[in-house]
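First comes the structure, then the notes that go with it.
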């Protein structure tokens, strides 16, 4: 799923808003703010309070523009966050491959070993703890055939930490299926040199990926048709409202799940529209915002009212990941955590910038309250949470079915980032018990998860910023 990605240029069935109240009670409805046609210009107006939380769109816009976006953009340029290890060769576990996309913009250029900072490529995926950053220990770890093969020269403290990491990685708390970073097929990618943008990947292969996500993993019966779904049978005069009637009747947790997926899809489509291949002259491509494409995907008239729902779900997803960052701050505030690349000054500056972002996230006054989820009968709540987790884990596996490598790269990163955010939100007790000067046995994040978490949130921050840019462009153009 990349900005360009899993959505086809002709038919993205991206659905939106969910309405209603809590899980063990009957759901109610709420009115969705409308869109207005003004003069010869059209303007997307997504305003007001979001459903299932008490936050309004304008507050998110201002907070993102003036506090978050400039800092998260700088953070993504830091060495610790720009290099992501990923396996783009894992086979699709659900259907026979169509073959990989041959479009040149689908290609991902792996990073040469010589370019990767020594502190990142050496040893375990958890190289952000000071106890694991001794040079001699890095060399020892690099030679271990697997995480469990701890060299006897390691300190007792480091050995215990590695064993804890191995045990934790085998736990059932993950919302995503993680790539095995020790696989020969896993390679480092420089995210700055492989930006998420329009690739031209579209058609049946892309539709099948999104259709599988929505139809098989969003708690939806096949008899309920999504609006604008190109793969659904003809529905006659059904305008899609039956879908929202169904959605209103779901419990909070299942509505949230749907909105997260829809919000992710909306974000990807915004990246596509904002970084579109406008012209290619003499092999020199020009990338930029495509207003026609934006209107086709989000204009209320062209999308039969779906565009505003999609965009509101983007804001909801932003809130979820923002909340996760505020909750995980204590994990990184410990002195034991060092975002290690081998460059002492840059590492210190990177951590300072990250902690500054965490302070901003904690200052936001209208966070989503995750305690409202899975709060009913303990047995039923536990079962529902496990179902929620497995559905999302399945979506992370579907990312290996994406035919475009660049789309697959960004799809895997963004689903892993969201999966990490969910893991954080439902690990509050473990985070509160974190020891200051030693690894936690109850909660750990791998470097892969950390990089995905911050880059995925960076993508959402960029989407909201790009949405503001499109509003300005459309207001000041004669484009209709």
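Every residue, even glycine, has its Cβ placed from backbone N, Cα and C.
What you see is a predicted model, and the numbers here were worked out from it, not measured in a lab.
Take the CB of residue 404 (active site, nucleophile) and look out to 10 A: across all protein chains shown you find 29 other CB atoms. Annotation comment: TrEMBL describes 404 as active site, nucleophile.
Counting every protein chain shown, the Cβ of residue 407 (active site) has 30 other Cβ atoms within 10 Å. What TrEMBL lists as active site is 407.
If you look up TrEMBL, you'll see 197, 199, 210, 262, 265, 297 marked as FAD binding site.
Annotated compositional bias 'Polar residues' per TrEMBL: 1-11, in sequence order.
Residues or ranges marked as disulfide bond in TrEMBL: 101-106 (among others).
The annotation disulfide bond is assigned in TrEMBL to 141-176 (among others). Close to residue 176 (disulfide bond) in the fold, though at least 6 residues off in sequence, lie 392, 393, 396, 415, 416, 419, 420, each with a CB less than 8 Å from its CB.
Taken from TrEMBL, the feature disulfide bond covers 404-407 (among others).
What TrEMBL lists as region 'Disordered' is 1-21.
For the pair formed by residue 106 (disulfide bond) and residue 199 (FAD binding site), distance between Cα atoms is given as 6 Å, rounded to the nearest Å. Around the Cβ of residue 262 (FAD binding site), the number of neighbouring Cβ atoms within 10 Å comes to 28. Among the binding-site residues 197, 199, 210, 262, 265, 297, the ones whose Cα is located within 10 Å of the Cα of residue 407 (active site) are 197, 199. Cα separation, residue 262 (FAD binding site) to residue 404 (active site, nucleophile), rounded: 21 Å.
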